[in-house]
Amino acid sequence: MHLGHGNQSFITEFVFRPFSSVPTTQQLLFVLFLLLYLTNVISNTSILWVVCTDHTLLSPMYFFLGSLSGLELCYTTVVVPQMLVSVWDVHTTIPVASCGAQMFFFVALGSADCFLLAVMAYDRYVAIRHPLRYALIMTRQLCRRLVVALLFLGGLLSLELTALVFALPFCSRQINHFLCDVPPVLRLACGDTRLHQTVLFSVGVAVLAIPFLLICFSYALITAAVLRIHSAEGRRRAFHTCSSHLTVVLLQYGCCGLVYLRPKADSTEDEDRQIALIYAFVTPLLNPLIYSLRNKDVKQALSRAVRRALAFQPQ
């Protein structure tokens, strides 16, 4: 597995640090993570399904909501299956190439997720500020191009970062995490990683800080537009429409910002791993719940979809 070469070792595979050394605890964690993952898959697939099949959910807002659920579905699937295998068998290893692939897709999909939340904020601004021209501005073609563009940008940033990380030699094979994220893998490197830390921080600013500032700017404009609405009911409906998206934004950017934008000296591996559990499991689960519970159209579409499914069941 290791071939000596000077003072360095050529590592061909990694192993994740177990959550516990007690087998019973590991088994309970496996069941818990499996249930959370299945709930994530079912809830996000349900949102994606109704958005694609229900004729009442044709507006750009629901197109972006379906895209968000699709990203969350892929995002968790990149991480959780390998994690479940490692939890079940603590001696399971992951080849360096597979670790690099996981890092690439994890960072790419996570970046696209953050960019999409910024696009959704702009969509809400156009809907509230220019309701009569909304359909002319946010066309289906523009929405598709925006989703393709944010996927491309996320992939480009991820490819650069992943290639930079895996050009380094590694001195240790145990990753103090449950996935091949950039910070824990960088900690295994033998050489000077100051350049890599700088690039990671720059990518974090591009993916988190800039979109978050754009979201804040959009909501400042949205607030100004809503306050000009004379009807109290109209203002209430406008704020209610935006509150779901704002809740998701605070969850996503808050957790990711703590991991990627916090100074290295102020962070610990255990804290990063605990925060990562939130954006790997909790945030993708809360997104569809928040939108389905707070959005009347989505609740009605889900109800119709369930009735249609039950109607086709053999008696």
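The backbone N, Cα and C atoms fix where each Cβ goes, glycine too.
Taken from TrEMBL, the feature transmembrane segment covers 28-50, 62-84, 104-125, 146-168, 201-227, 239-261, 273-293. The domain 'G-protein coupled receptors family 1 profile' annotation in TrEMBL covers 43-291.
Counted over residue pairs separated by six or more positions, the transmembrane segment (104-125) shares fewer than 3 Cβ pairs under 8 angstroms with the transmembrane segment (28-50), which leaves the two as not touching. Same-chain neighbours of the transmembrane segment (201-227): 107, 110-111, 114-115, 117-118, 121-122, 124-125, 128-129, 154, 157, 160-161, 235, 238-239, 242, 246, 249, 253, 256-257, 260-261, counting only residues six or more beyond its ends whose CB sits under 8 Å from a CB of the stretch. Per-residue pLDDT, averaged over the domain 'G-protein coupled receptors family 1 profile' (43-291), rounds to 86.
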